[in-house]
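Working notes, beginning with the structure itself.
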């Protein structure tokens, strides 16, 4: 037996007990006549002591051989510590060592195994097994485990059953690129890895399973943006005989349950906002509502005063930023320059300072009188000391740019409380969006989302105006979940594919298995999927997904530690009957 | 709202309540003046009634349109049934329908949606979404869910954390064939899908996570034997600072927990048997010990009596089969013929009948006297009415053949109680087995398994005799789990790879990441993995794994319903920079 206790559990209650501990040498202090060792395992740190008066000489010899991260086993007696450490649970005691064994040696680690390490990210990824020994890293994985457990507990209590769906499935042309897997038993043919278990969960609803969930790996062969992984985890859910309201209630409950069990926070009913309102008020379909700074439209007040830049544009919209009166003219210029960067691409803006004396100073004083500016301030509820920023342009672009500014100001002004959780349902998403590049309609959520019944008549006449019973759950400005009520009628599903540019033959070839299933008594159904990696990181107050994955891939999609992907043998390629192009 | 209750929950307690139910039309009985509908959902069946005296005429018209598997919504009042059905929880009541709506129609299903269906397996797989509506199928998935929940509950309580490991990893030459995944971002390179998370879990132990588990999909691109899936699910576990005894205890506890929670069965300490003993007594490393019929070696009694067939062979071994005295000579001949089939390939056997009067009749009476035969019977503890069967040949082959006979007789004589659970630990597996075909040593478990410390000295001199701290958990003759104590020392791991035919360069290229990790304070560790699909089926008293998978693949590795794998576009191949050979 390697240990009687872990390094995190002994206290004064265990005084005089004979114990055996195993773990890693975290720190050694050698005073010659006395040696202290901080022994570390997953559960904590316990101090070992060897001293001249009470310990055998041979222990000093073993101790001399030790280095950081050596794995040792120590047997001894729990004694009271003279100088206690109140910061750790074991800080009242130490172990007077009687037997000491080196279980394994360690080279000097390339970075310090401490909460604050001197290792850069790349090095820590290369030696991920050492990084995992650090509390901040280990604790994130434990947190993830706890969240997964609570998700399963909540959903099981609500009679959901977790069902595994296949990982080797059929490639579909919709959406992001599939990873494909050549089949040796069926040469020339390929499986695809699922981007989501969407069609399978719908088949399960046709199959009467009623309430399904799964915490499941999904895959996307996309060029990787920062902090996006080619393999990611979803909480995937589907329910039969439900309307949007039923789904929102269940998953609002799940989110409340998670906030309660992970943080002890009780949050009441979640606010809801339509997609239209979110875009108008925040220029964003996942607004962070921990702070205000909402948009105000000013067309009626700002146009027609001879200011050409505003007059000719579709939309004039502004925000009022608090406490920016300390901004000098130069600061403002820099802020406006920031907005003009290609990533934001804003142009056509005006600033208006609300002076402490109630007067206004603006960059367009030539066109707007103090009265005009006062009307702006009233609309925007701007206070003394605020800085109003007005922008004009094409409505959709301008809102997006102003949203970027709003988030930037929140960052600079520290308007977001990292301890606060502000959930929000965004509902009534448009069913379709027109893609200029491919010159056709795309499904905003996915092709299985149902139009709102009252909008079905617009399928031919005005597709852009159709709304869907589609919803996103937003937490602190992060989209953590999204779903919809689905189509469950073959005819409507066919129309949908037609609208998305499929020929009937293509639709049948790709999704016939689902549409055919709809002919055998498909119940009304809908669902939701949560990005589990993001959910966990947002719940933990972080936005770095990668930290919550034990062995993440880098931005080139590579597993750095194991050096994958890699070349494979010609013999293996031959067996698969594929060849590499030059 | 589609329903106020499910079809499984109403009873006499709900009398006179107004309820709304939704579900599938299971059965309609139309007497003209009265219509009964059995409405089914996942939770049960509730009877709806429409009757001339109490219901509106329009309901009859709607009812006339209904067919089997139509999806309907019915609102009405809970009333007491005149002829009750005590076999179902809702059998005391029925719903007097006031409102009836068809939510979706259904074509006539290709087979009956009942516990006993008329659909063949292929048809049911093709329409898996209809098969799922049947209780026996649905209940298996619910059972699987429950087992998964209990596994997670037990292991979490024991401080294991579930950590997700990557699915896109590096291809390794060991073991079964990997599925490979071409990487678009790294053309010419391939990921592999994991056959198990073995190396990752060991890295986590080096990383101090101490107790890890995961219920995880794994993949093998093998030609499929019956009831073996290319993607399968494992309960994968690893622990640090443990010896074999610690692991056996924890996972014996898990198995006890599962038997208790799924069947209410309390099973005490599990018996243990060495691999050697299992092979000698049962000719099998996963013996079903629900019944006896153990092997008895008879070299000393059966050789040297002039019976050439026995005299010249390595081993004479026999079993005594109970109650086979009813077997006629012809029956016995047929049994022996069965054993001579190429699949078994037995030859050189003798039968001995123990007559009711205590005398013996054997197929080798010329060579063995009544006294000789009595000695056989005593060794085998054969009773009156038993039939002894003796075989001779090369020891390993003969034991395998006799094991096949033992299992066949258990089947014919119904010696196995399907309600009994007989777990068994098989321990002390050999570390290596010599493969005649490739003329080299193979790891019996895997190359990371540690030799028993006392056998390490045989690494060079006598590899075949090295035993490992490797163990299998056997339940009713099925290997449901297997694991080992691992190597955690770089030098020993290198020696192991050398023995397995790797050059040092190959070993470093493939497994350097793990061996290098061993240099930074790797703790002693070990683990186990359970075949989850098999565990679930065996716990449910079945041996058909496929039934416990929502969307299984057929014997050609195809997802029949979605028709995968399939051809993919040239454009997609081009992007991956691969071509098909013809």
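Using N, Cα and C of the backbone, Cβ positions are placed for all residues, glycine too.
The annotation in TrEMBL ties B:220, B:221, B:222, B:229, B:531, B:532, B:533, B:534 to ATP, and of the candidates under consideration, B:277, B:479, B:577, the one tied to the same site is B:479. Segment annotation: TrEMBL labels region 'Aspartate' over residues B:198-201 (candidates B:194-197, B:198-201, B:202-205, B:206-209). Annotation for residue B:220 (L-aspartate binding site): spatial neighbours B:176, B:177, B:179, B:195, B:230, B:232, criterion Cβ-Cβ under 8 Å with sequence separation of six or more. DSSP assigns residue B:532 (ATP binding site) to a helix.
Cα spacing between residue B:532 (ATP binding site) and residue B:445 (L-aspartate binding site): 18 Å, rounded to the nearest whole number. In terms of local Cβ density within 10 Å, B:486 ranks first among the binding-site residues B:445, B:486, B:534. A gap of 18 Å separates the Cα atoms of residue B:222 (ATP binding site) and residue B:445 (L-aspartate binding site). Residue B:220 (L-aspartate binding site) falls outside any helix or strand according to DSSP and counts as coil.
Counting every protein chain shown, the Cβ of residue B:479 (ATP binding site) has 16 other Cβ atoms within 10 Å.
Averaged over the region 'Aspartate' (B:198-201), the predicted model reaches a pLDDT of 97.
Under the three-state DSSP scheme, residue B:445 (L-aspartate binding site) falls in the coil class. With respect to their backbone Cα atoms, residue B:445 (L-aspartate binding site) and residue B:534 (ATP binding site) stand 18 Å from each other.
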